[in-house]
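Sequence annotations record features per position, and here TrEMBL assigns [4Fe-4S] cluster binding site to Cys65, Cys69, Cys72. Residues or ranges marked as [2Fe-2S] cluster binding site in TrEMBL: Cys109, Cys142, Cys202, Arg272. Among the features that TrEMBL reports, domain 'Radical SAM core' is placed at 47-277.
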Amino acid sequence: MDLLDRLVDKGLRRARPTREEALAVLATSDDELLDVVAAAGRVRRHWFGRRVKLNYLVNLKSGRCPEDCFYCSQRLGSKAEVLKYTWLKPEEAAEAASAGVAGGAKRVCLVASGRGPTDRDVDRVSKTIEAVRERHPEVEVCACLGLLSEGQAGRLRAAGADAYNHNLNTSEATYGDICTTHGYEDRVATVREARSAGLSACSGLIAGMGESDEDLVDVVFALRDLDPDSVPVNFLMPFEGTPLAGTWELTPARALRVLAMTRFVCPDVEVRLAGGRETHLRSLQPLALHIVNSIFLGDYLTSEGQAGREDLAMIADAGFEVEGADSDTLPAHRDGLVTVRRRGAGTDLPPNA
Ligand code: SF4
């Protein structure tokens, strides 16, 4: 059995590929690229059919972060000319979320810059979650607020959040090369904290920051071990005014190989094509839909994406369909991990407590 047949076989059984197999995907030639995409596509269709889940970002608080993540335009001392503002009011955030929901988004991701929330911030975000829920009881709400302190994940869950995002970003070995103000273990702890509070965990990576193939494979296997329900794959946007400005390492083919490797290692998980897709995949974006089952709609936190209507046209042109609120994203064996709350805050029904 050759490499791709083995990976498809394992993907359909949720069996773990070897590290060598994952590395071999990254090392495939351009002549093999369409075979790699087709093989990853078989795994994708087995677990997710031709559905594409749309996610919509709302940046609740932008810029002026005290942390120094080298890839981030909102970092301490960043000279990137991104929007800088403090907390949106709950109604403003709900209004912003409505644009994404109107475009077909099934999940709203409420994001704030910063090391992590204070308890007052959690109160504020809880009100925002309730405001979004009031308008859109059918959508999933994910919070992304940085490192969580004890008890904060439970409070977000009680306020109606379905999920929490905190990315590992890169391998443990190279984490110190992209951030000095917090560590890899802090990130792992927050993902675990979110999961143990009953939130669906979302954790992913950024490719193109100078990492080796080994680093990419390490972070994707670390994610498999953490077992999040969704894995966003970002491609570095090297903002001017950040330490990684000028780091242009990716080609569209490389980006597809990274996505395919992630799909083979995390076969039944929502693999989400995230920041940098337009810039790095360029005209090959539709091929990525054969690998991932989820994308962000519209703009990112500090950069603009292609117009939402172009995303929708791309999905239709490539023969995929937008996933509706009435279908489950994850396969049945993962059921119960992403259950949209329909009781408690924001409803007439009592909470589950
Ligand atoms: S990634 Fe988050 S914690 Fe790091 S600098 Fe950017 S906003 Fe701050």
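A Cβ is built for glycine as well, from the same backbone N, Cα and C atoms used for every other residue.
Structure with TrEMBL features highlighted.
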| residue | record | DSSP (3 states) |
| --- | --- | --- |
| Cys65 | [4Fe-4S] cluster binding site | coil |
| Cys72 | [4Fe-4S] cluster binding site | coil |
| Cys109 | [2Fe-2S] cluster binding site | strand |
| Cys142 | [2Fe-2S] cluster binding site | strand |
| Cys202 | [2Fe-2S] cluster binding site | strand |
| Arg272 | [2Fe-2S] cluster binding site | strand |
Seminar exercise, completed: Across every protein chain in view, the count of C-beta atoms other than its own within 10 A of the C-beta of Cys65 ([4Fe-4S] cluster binding site) is 21
Exercise. Taking the mean position of the Cβ atoms of Cys109, Cys142, Cys202, Arg272 as the [2Fe-2S] cluster site, which residues outside that list, in the same chain, have a Cβ no more than 8 Å away, listed in sequence order?
Worked result: Asn55, Arg107, Cys144, Ala163, Asn165, Ser230, Pro232
Problem set entry | Length of the line joining the Cα atoms of Cys142 ([2Fe-2S] cluster binding site) and Cys72 ([4Fe-4S] cluster binding site), in Å | 20
For this session: Output, ordered by sequence, the same-chain residues six or more apart from Cys202 ([2Fe-2S] cluster binding site) with a CB under 8 Å from its CB, or 'none'.
Result: Cys142, Cys144, Ala163, Tyr164, Asn165, His166, Pro228, Asp229, Ser230, Val231, Pro232, Arg272
Seminar exercise, completed: Surrounding the recorded [4Fe-4S] cluster site, with Cβ no more than 8 Å from the Cβ centroid of Cys65, Cys69, Cys72 and those residues left out, we find Glu67, Asp68, Tyr71, Ser73, Gln74, Arg75, Leu76, Ser78, Ser113, Cys179
Exercise. How far is it from Cys65 ([4Fe-4S] cluster binding site) to Cys109 ([2Fe-2S] cluster binding site), counting Cα to Cα, in Å?
Worked result: 19
Exercise. Which binding-site residues among Cys65, Cys72, Cys142, Cys202, Arg272 have CB under 6 Å of ligand 1?
Worked result: Cys65, Cys72
Exercise. Can you tell me how far the Cα of Cys72 ([4Fe-4S] cluster binding site) sits from the Cα of Cys109 ([2Fe-2S] cluster binding site), in Å?
Worked result: 18
Seminar exercise, completed: For Cys109 ([2Fe-2S] cluster binding site), the same-chain residues 6+ apart in sequence with C-beta under 8 angstroms from its C-beta are Asn55, Tyr56, Leu57, Val58, Cys142, Ala143, Cys144, Asn165
Seminar exercise, completed: One residue among the binding-site residues Cys69, Cys72, Cys142 has the fewest other C-beta atoms within 10 A of its C-beta, namely Cys69
